[in-house]
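Annotation source TrEMBL lists transmembrane segment at 29-49, 70-97, 177-198, 210-237, 257-274, 286-311, 345-366, 387-413, 419-439, 459-482, 494-519. Look at TrEMBL and you will find Cys109-Cys118 tagged as disulfide bond. Residues or ranges marked as Na(+) binding site by TrEMBL: Ser260, Asn292, Leu357.
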Amino acid sequence: MVLCPARPPRRTRTSHGATGATRSSAFMFPYFIMLIFCGIPLFFMELSFGQFASQGCLGVWRISPMFKGVGYGMMVVSTYIGIYYNVVICIAFYYFFSSMTHVLPWAYCNNPWNTPDCAGVLDASNLTNGSQSTALSGNLSHLFNHTLHRTSPSEEYWRLYVLKLSDDIGNFGEVRLPLLGCLGVSWVVVFLCLIRGVKSSGKVVYFTATFPYVVLTILFVRGVTLEGAFTGIMYYLTPQWDKILEAKVWGDAASQIFYSLGCAWGGLITMASYNKFHNNCYRDSVIISITNCATSVYAGFVIFSILGFMANHLGVDVSRVADHGPGLAFVAYPEALTLLPISPLWSLLFFFMLILLGLGTQFCLLETLVTAIVDEVGNEWILQKKTYVTLGVAVAGFLLGIPLTSQAGIYWLLLMDNYAASFSLVVISCIMCVSIMYIYGHRNYFQDIQMMLGFPPPLFFQICWRFVSPAIIFFILVFTVIQYRPITYNHYQYPGWAVAIGFLMALSSVICIPLYALFQLCRTDGDTLLQRLKNATKPSRDWGPALLEHRTGRYAPTTAPSPEDGFEVQPLHPDKAQIPIVGSNGSSRLQDSRI
């Protein structure tokens with residue numbers, strides 16, 4: 001089975017770092033609740049949905065044509081994420097190349113871009129770039145007070161050299177040519193790995209999905225042997241029960257689950273469409289979901305062991321050095337790496353891991369868009385020219401990502417990250433769940449799964465799909481809106497017009513659902529509105545398994561299909577037949593479907 005690799009967790013989503021959460025177990029409790037009652041059930045639903053129809057995120061909506069806007073909404077979300085995701089990968093490429101040196105450029109404060117406020121943790125003779133002598137092992141109180149106001153060399157390298165950050169989101173300044181070059185490298189790599197569709201990406205994912213575990217283990221062994229690592233791990237595990245009742249924590253947990261597992265992106269449906277029809281996607285969904293989240297927890301130990309070492313070295317609390325988003329991947333963690341022996345080696349490993357994690361997800365995003373376009377057009381020409389479609393999507397993504405490499409790019413990246421792919425994911429998932437369970441009918445869908453797998457979905461999943469998951473998603477969405485806080489970046493407050501653009505990006509995916517529903521309602525035959533509504537929501541005549549050999553039971557044609565009766569089985573892509581499929585257990589098997 002071809003599936004997206006594990007994604008970075010939501011609160012570190014812009015970091016694309018080792019997939020560890022940046023909160024204590026006050027976040028982990030709602031995280032696991034959301035995993036059990038929303039994450040795994042919706043993951044199984046999307047896998048079974050795409051596998052049953054062997055179609056992408058648009059083609060599957062033959063199940064209820066009026067809700068095809070859900071598929072378009074998934075495409076919009078994947079487009080936004082694909083644009084800024086590769087910008088983060090390009091920054092990781094930049095840091096990877098910058099690590100190829102004897103001394104990391106963000107280790108000391110003796111560079112042209114550093115300010116007088118810079119204080120490097122490696123400078124044992126002074127803390128203010130040579131202006132005042134204070135040993136690191138001296139008075140801890142003085143050190144603590146100084147550290148609160150210091151600017152680390154890694155922060156100044158990130159802000160003043162890599163980004164050359166402007167003072168406002170509207171002040172684009174110049175395009176950072178080094179980042180632009182790395183962005184081009186990122187898109188070229190993604191295109192080359194997808195040049196033959198899942199035939200090539202499936203083989204690459206073997207490496208991109210497994211090698212990060214090797215790097216994580218190396219960093220874990222090194223991290224837990226450092227002085228102060230236990231303090232960092234205890235901070236990671238210590239509950240903060242006073243925050244459990246905050247709706248934002250539960251909203252973050254829901255967003256984290258949707259983002260980490262890839263729900264509502266369309267990628268799960270797309271990749272599952274390449275499975276064998278009788279593949280046990282129930283087993284896969286449970287194994288992959290648990291493995292994904294276990295990896296996040298495991299990576300949390302890696303991150304906080306090294307952050308604990310850094311806090312011990314500075315004599316401050318772990319909360320002073322812990323960060324989230326790009327601050328974790330490109331400021332706090334690189335600074336911690338400078339404290340390790342042979343720091344360039346660890347930096348190379350760390351950023352190489354980020355690149356692999358990011359590329360694995362980017363493969364899934366790009367394949368989702370390409371498959372949706374090819375499925376929608378569906379003619380023989382575009383099936384044969386799929387490589388050109390992939391190239392066109394990659395070029396468009398590169399051009400749209402250029403503004404994010406400007407001096408104001410990080411502001412726009414965070415704006416897209418917080419609005420374009422946040423609450424819209426839960427809205428899309430909720431509507432998808434309701435449309436399948438209540439419009440198409442839960443009994444019909446359970447029978448489809450039984451025909452495909454040989455057994456109906458377990459009772460727990462039936463209850464979650466019908467009641468629990470939609471209810472949890474709805475209440476979290478309501479409370480998240482009630483406790484909404486405008487986006488900020490460090491001390492920068494986003495202007496109102498920027499926040500308005502963020503909301504427009506968020507609505508642009510959700511608005512696809514009612515707009516297409518109205519469009520479908522207008523073009524559907526019927527004398528009355530109720531009759532039109534009924535005809536627009538019932539399954540198309542070609543809904544069902546893509547291959548005639550699998551169309552049994554109520555899908556079995558009573559007579560041989562012909563063009564005159566309008567019944568036509570959608571053929572599979574060449575990619576969806578006779579190709580190696582990557583399974584959740586890492587094995588390879590041959591797709592035995594026939595066109």
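Backbone N, Cα and C define each Cβ position, glycine as well.
Note that the structure is predicted; figures quoted are calculated from it, not measured.
Most Cβ neighbours within 10 Å among the recorded positions Cys118, Leu357: this distinction goes to Leu357. A straight line from the CA of Cys109 (disulfide bond) to the CA of Leu357 (Na(+) binding site) spans 31 Å. Between the CA atoms of Leu357 (Na(+) binding site) and Cys118 (disulfide bond) there is a gap of 32 Å, rounded to the nearest whole number. Residue pair Asn292 (Na(+) binding site) / Cys118 (disulfide bond) shows a Cα separation of 39 Å. Stretch with the most C-beta contacts under 8 angstroms to the transmembrane segment (210-237), considering only 177-198, 257-274, 345-366, 387-413, 494-519: 345-366. Through the fold, the transmembrane segment (459-482) approaches residues 34, 37-38, 41-42, 44-45, 247-248, 250-251, 254, 423, 426-427, 429-430, 433-434, 436-438, 442, 446 of its own chain, all at least 6 residues removed from its boundaries and within a Cβ separation under 8 Å.
Looking at Cys118 (disulfide bond) and Ser260 (Na(+) binding site), their Cα atoms lie 36 Å from each other. If one looks beyond the transmembrane segment (70-97) by at least 6 residues along the same chain, the residues whose Cβ comes under 8 Å of a Cβ in the stretch are 14-16, 56-61, 162, 178-179, 182-183, 185-187, 190, 264-267, 269, 326, 329-330, 334, 347-348, 351-352, 354-355, 358-359, 361-362, 365-366, 368-369, 372, 397-398, 400-401, 404-405, 409, 412-413, 416-417, 420-421, 424-425, 428, 431-432, 435, 505, 508-510, 512-513, 516. Contact check: the transmembrane segment (257-274) against the transmembrane segment (29-49) gives at least three Cβ pairs closer than 8 Å, residues 6 or more apart, which meets the contact criterion. Contact check: the transmembrane segment (286-311) against the transmembrane segment (29-49) gives at least three Cβ pairs closer than 8 Å, residues 6 or more apart, which meets the contact criterion. Just going by CB pairs under 8 A, the stretch in 29-49, 387-413, 419-439, 494-519 that sits most against the transmembrane segment (177-198) is 387-413. A sphere of 10 angstroms centred on the C-beta of Cys109 (disulfide bond) encloses 26 other C-beta atoms.
Note on the transmembrane segment (29-49): residues 21, 60, 63, 239, 244, 249-250, 253-254, 256-258, 260-261, 263-264, 268-269, 272, 275, 281-282, 284-286, 288-290, 293, 429, 432-433, 436, 448-449, 452-453, 457, 460-461, 464-465, 468-469, 472-473 of its chain, located 6 or more positions outside it, place their CB under 8 angstroms from a CB of the stretch. For Asn292 (Na(+) binding site), the count of additional Cβ atoms within 10 Å of its Cβ stands at 23 [all protein chains shown]. Ser260 (Na(+) binding site) counts 24 other C-beta atoms within 10 Å of its own C-beta, drawing on all protein chains shown.
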